[in-house]
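*Asks:* Quick paste from TrEMBL:
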DOMAIN    4-65  domain 'Glycosyl transferase family 3 N-terminal'
DOMAIN    72-322  domain 'Glycosyl transferase family 3'
BINDING   G79, N110  anthranilate 1 binding site
BINDING   G79, 82-83, S87, 89-92, 107-115, S119  5-phospho-alpha-D-ribose 1-diphosphate binding site
BINDING   D224, E225  Mg(2+) 2 binding site
Amino acid sequence: MINKAINELFLGNDLSKETAGQVMNQMMEGEATDSQMGAYLAALRMKGETIDEITASAEVMRDKGLKLSAKKDVLDIVGTGGDELNSFNISTISAFVVAAAGVAVAKHGNRSVSSKCGSADVLEALGANIFLTADQSAQILEETDFCFMIAQTYHSAMKHVAPVRKQLGARTMFNILGPLANPAGATKQLLGVYDEKLVEPLAQVLNQLNVKRAMVVHGHDGLDEITITDTTTICEVNDGKVTSYFITPEQFGLERGQLSELIGGDPEENAQIALDILNGEQSARRNIVVMNAACCLYMGKDELSLRDCVRLAEEMLDSGKAKAKLDEFIAATKRIGQEVIA
């Protein structure tokens, strides 16, 4: 099946939902060679992924993945990566602001694939135990309103594709699929994408996957985040209704920054950036965290306006509650991880 699909893609033809699902299943089962998977992923990216191709692949990935049993509605904030700008871990820091304000976050992430530092890398550098079972992470979520789910624990079938992704060293459909396969079944999601052309299609995919509230975003500076330096394109999903619009830093009451102010580094450097922001740094870095956290809070707290959510995000940083949430999470990962070993 995968060879037939590759030939169709070489001709510039879209795959049916059924074919895309079958190929994804073949890859997840280890029934495709590295060469076949590399050719398929490259050809798909060059053609451009359709809503049906992405949805079918995401459904297979969700079906084959390990689930985390969450006792509450959870939100995920995640970027596809692949924007090639090497920004610091904006989504990860924003997640602690959101959790501190009482909106439970089950963050799904991975080590770096197409950037210097993934969410797993920075959390590990901050001292968290990221290798926990689903039951352990569910307990941490219940206690702290935050948990981190590293993809390799929940998507073991990805082991067949992981070496190919690493060898390619470029964004592929799997940059898109990871954020669509949250193991805790997130009902709300802020999803940043590396290409504006993906904004509306991925909102449609999330709608088909029955996510209740979502914002799919792309900064006009190229960031897979809501950006502080330029306009951001947003496609919002709200109980089956999909709406597109633009948003600017000024609408958040914030000054624009420069892209150079948002550049990160290796895990240790990004961990220090996270601590600086959570300890009250006043900067463009703080402001972009506020913007992304505010949009998550807007989805998580129906009674608040966007401006209210900006003020709430700022309060979480200024009061030290977001930093306290990080500390609480790190302590819980160490304690609960050791409990099972003992």
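Using the three backbone atoms N, Cα and C, a Cβ is placed for every residue, glycine included.
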*Asks:* Per DSSP, how many helix, strand and coil residues does the domain 'Glycosyl transferase family 3 N-terminal' (4-65) have?
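*Replies:* Its residues divide into 47 helix, 0 strand, 15 coil.
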*Asks:* Show which residues of the chain containing G79 (anthranilate 1 binding site), separated from it by at least 6 in sequence, have their CB under 8 Å from its CB.
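*Replies:* Counting only residues 6 or more apart in sequence, the Cβ neighbours of G79 (anthranilate 1 binding site) under 8 Å are I90, S91, P179, L191, G192, V193, Y194, D224, E225.
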*Asks:* Average the per-residue pLDDT over the domain 'Glycosyl transferase family 3' (72-322) and send me the rounded value.
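*Replies:* Value for the domain 'Glycosyl transferase family 3' (72-322), mean pLDDT as a whole number: 94.
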*Asks:* Could you tell me which of these binding-site residues, S87, N110, has the fewest other Cβ atoms within 10 Å of its Cβ?
*Replies:* N110
*Asks:* Is it possible to get the count of other C-beta atoms within 10 angstroms of the C-beta of E225 (Mg(2+) 2 binding site)?
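*Replies:* Its Cβ has 28 other Cβ atoms within 10 Å.
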*Asks:* If you measure S87 (5-phospho-alpha-D-ribose 1-diphosphate binding site) to N110 (anthranilate 1 binding site) at Cα, how many Å is it?
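*Replies:* S87 (5-phospho-alpha-D-ribose 1-diphosphate binding site) to N110 (anthranilate 1 binding site), Cα-Cα distance: 16 Å.
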*Asks:* Between H108, R111, which of the binding-site residues has the fewest other CB atoms within 10 angstroms in the structure shown?
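*Replies:* Counting other Cβ atoms within 10 Å of each of the binding-site residues H108, R111, the minimum falls on R111.
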